[in-house]
Amino acid sequence: MPLLLLQLRGLLSRKPFLNPCFLYSLGSAFSFSYIPDSTESHYDLLLKSADGLASLRQIHSPLVVSGIVSQSIHLGAQLIAGYAKYGEPTSARSVFDHLIGCRNETSSFLWNTMIRAYANAAGCSYEALELYSLMRRTQVSPNNYTFPFVFRVCASSEAGSLILLGRVVHGEAVRAGFDSDLHVEAALVHMYAKWGEFGDARKVFDKMVERNVISWNSMLSGYTQNGQASEALILFDEMNDSNVEANAVTALIMVAACAYLGSLRLGRKFHNFVIDRNFTVDKNLHNALMDMYAKCGDLKTAWEMFNSINPSMRDASSWNVLISGYGMHGHGRETLNMFSRMQAEGVDPNHITFTSVLSACSHAGLVNEGRQCFDEMQKLSVAPEAKHYACVVDMLGRAGKLQEALDLIKQMPFPPNDAVWGALLLACKIHGNKELGQIAADKLFELQPGHTGYYVLMSNIYAASQRWGEVGNLRQYMKNKGMKKPAAFSVIEFGEEIHGFHTADREHPYWEEVYREVEILAVKLKMAGHVPDLSCTLHDMEEEDKELALNLHSEKLAVAFGIMRTESGMTIYLTKNLRVCNDCHSALKFLSHIFDREIVVRDGNRFHHFKGGVCSCNDYW
């Protein structure tokens, strides 16, 4: 054995070096470095078997004092990854800095390992980007492993909208010649899709020579998370045609898309897809299916799926899905009962639980119970966030306790956001309080000057009190700023058919038949005692024109079409993108009685089950 190797082996068995970098310097003098395979393999196995932070530190210590860690990039990377795994990115960075300082490392391997550690650690997005910048300044060349980590960070929500930086780095996923690498392309698709930049995401996606399931899932997830579930469904069909095998992640994304659309038919289709493909239904997919059924109006199946979970396996997420589902369907008492059961079974509620319970109390008018729930947060050490205050303000406001709601806002320990002021503004609209409404609106116009919905709400408050001058001024301001009122849109689903209607729709192929049916329904409604609520038009027009405008609301067109095309006695399911107006709410109650039909409506706030002339919301929504 060469003399140098014998000397090195002897050094490894002695007391710690004063300078751990000595081995590296000695090796460099002979143009190579060496760590005995058996020693490196021994520590490699130890690092892989580390089962916690304490054992990792125990292994790290002799590696430092012996100088072995300074000699082995592989072991150094193992330590960095280990510390990152156990939530210690600072310790990981300490190892990285030591190795770079000792070795003057120009290889990208250690840099990639550390950037990856930051990318995977919560709250370290900026550190990852700073390290990438340092990597470039020290002239270490990034490669096809570096870029995916950087793009993932750029796409992360905690880092804010870093799309401009992502574009810069993309220009670098091109000059370095890695823009055709499968992993780089997939990361680019994910980044652009995550931020709703679907034009750029689709450009990268369409030019990919090879698309794996990860690439498809990135596009599907981007569409779904940005409210373009219909596009996700179209893309899923393209994926099937491309012969790429979907996986459980694909199913999870598509179930979420069905939940967004409120399409029970499609939701059942994808549930069957999961069963047919024999996918493993883990906790996340099971909860997603429960959530889909609840959001598509089938609370019974959601409840059955919840009961199929072994009680010992139910975690907070499982309870939250069901609690949220019952809350959005207006079952306030049942929601509170499940909240109590959750705690009785030893599952601690979290901030999501309290949001759902407070929202349920708001929709059901359970003010005292909601107050108690809000107080209970403190006892369970769950700090109230802005969303919890928004729920309580909404609850108090809907109950007509507007001054109490305003007082709560003034007592908040942090500045109220637009959700809080928006809840107060909606309550002012419901109760016609233009003075407090103006206060809320002024705050909202400061916080969200481009949010059309808040201007529309304030305009409605003015219109309800016949202040047409203010209505005109506000609408002119919106016009000057290029703001448009969101168009009402209702979707009805039956059998294999899905039909959508805008207000006063003349584009649907059967619009003429639907209009004739609406006229017939209007006569039947009046004969049954329905009095049109003309205030819901919120326009300065003749009463006859107001009645006509009310008759052509999107949900009335959808229900008329459903009555025309479905068998007697069938439940009519429809989804509306905005809140149901008072007149339509009253009309649907009458129609459910006249035709002896259940009409289930999911509007922008909650579910309404109309049956026998009454609504599940008890006229409180």
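Along the chain as shown, the residues are counted starting at 1.
Cβ atoms are placed via backbone N, Cα and C, with glycine included.
The structure displayed is predicted, hence computed values, not measured ones.
Going by TrEMBL, these are the annotated features:
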type	residues	note
REPEAT	107-142	repeat 'PPR'
REPEAT	212-246	repeat 'PPR'
REPEAT	315-349	repeat 'PPR'
REPEAT	350-384	repeat 'PPR'
DOMAIN	529-621	domain 'DYW'
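Helix, strand and coil residue tallies for the repeat 'PPR' (107-142), in that order: 26 helix, 0 strand, 10 coil [DSSP]. The list of residues near the repeat 'PPR' (350-384) in space but at least 6 beyond its ends in sequence, with Cβ under 8 angstroms from a Cβ of it, reads 316, 319-320, 323-324, 326-328, 330-333, 335-336, 339, 342, 391-392, 394-396, 398-399, 401, 605-606, 617-618, 620-621. Secondary structure of the repeat 'PPR' (212-246), assigned with DSSP and counted as helix (H, G, I), strand (E, B) and coil, comes to 26 helix, 0 strand, 9 coil. On the 0 to 100 pLDDT scale, the repeat 'PPR' (107-142) averages 85 in the predicted structure.
Shown for the domain 'DYW' (529-621): DSSP residue counts in helix, strand and coil, namely 37 helix, 16 strand, 40 coil.
Broken down with DSSP, the repeat 'PPR' (350-384) shows 27 helix, 0 strand, 8 coil. DSSP states for the repeat 'PPR' (315-349), grouped as helix (H, G, I), strand (E, B) and coil, give 26 helix, 0 strand, 9 coil.
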